[in-house]
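According to TrEMBL, the protein has these features:
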DOMAIN    118-208  domain 'CAAX prenyl protease 2/Lysostaphin resistance protein A-like'
TRANSMEM  37-59  transmembrane segment
TRANSMEM  80-97  transmembrane segment
TRANSMEM  117-137  transmembrane segment
TRANSMEM  149-168  transmembrane segment
TRANSMEM  174-190  transmembrane segment
TRANSMEM  202-224  transmembrane segment
Amino acid sequence: MIVAVHHGWYLTLAAALVAIIAARERATRIGLGVLGMLLIFGVPWIIAPCLAGAVWVIWWVRSSPVKVSALRPRWRSGTILLILCCGAISGVLAAQVSLVQYRDNPIQIDTVQPSPVALWLGIVVLSLANAFGEEVLWREMLAREIRGLRAVSAALLMFVSFGLAHWYGLPAGLIGAVLSGVYSVALFWLRSKHGPFASMLAHFVTDTVLFAGMAPALLFTGWYSGT
């Protein structure tokens, strides 16, 4: 699911500042510091978490090389089907709710209609970048910071932080925050059972379906207002 490129920044930036103060690991403070600076200088969402996530991964690998083996997929028979189904269903639900919100609050803009190849390439690239950035920040960096908490407390923190960060996303508002929060907990469970690539793949599928479902309305008829 996607965070919008305007007001949602402030919620995420405030959360990042609090998290920097509370963080126990240096890699976390560096990653969140990079995220905060990128947002302050107006770097769009998707790009900012992707870059911050890359910095965190590089620092974490350098400081904890023996832990890289933990990134290997732990997939059993049927795991890929589970991942694809979860991702696709979440994407369809997010797109449907977003389209309803869009119809209630359309903003007309003039755009040049892209070619199908450019459109799908953009969808894939943005989905990959968003899935990577958000999964690293939440299901890796945050998960490692809260690994000492009880399961219920950890899930609640995942729910609240991810939901608030997506208040101005697709979908937006309270329903968007709740759906994103539930989605975050599901990805957290998926990551704990099958490894980071499982949650990242599910997130990529979700964003691809969401972008594909929203692309005609966003590109050819107007833009989503998030209000």
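Glycine is no exception: its Cβ is also placed from the backbone N, Cα and C atoms.
Away from its own ends, the transmembrane segment (174-190) comes close to residues 1, 83, 86, 90, 93-94, 97-98, 101, 135, 138-139, 143, 154-155, 158-167, 198-199, 202-203, 206 of its chain (Cβ-Cβ under 8 Å, at least six residues beyond either end). Across the domain 'CAAX prenyl protease 2/Lysostaphin resistance protein A-like' (118-208), the DSSP tally of helix, strand and coil residues reads 78 helix, 1 strand, 12 coil.
This prediction places the mean pLDDT of the domain 'CAAX prenyl protease 2/Lysostaphin resistance protein A-like' (118-208) at 93.
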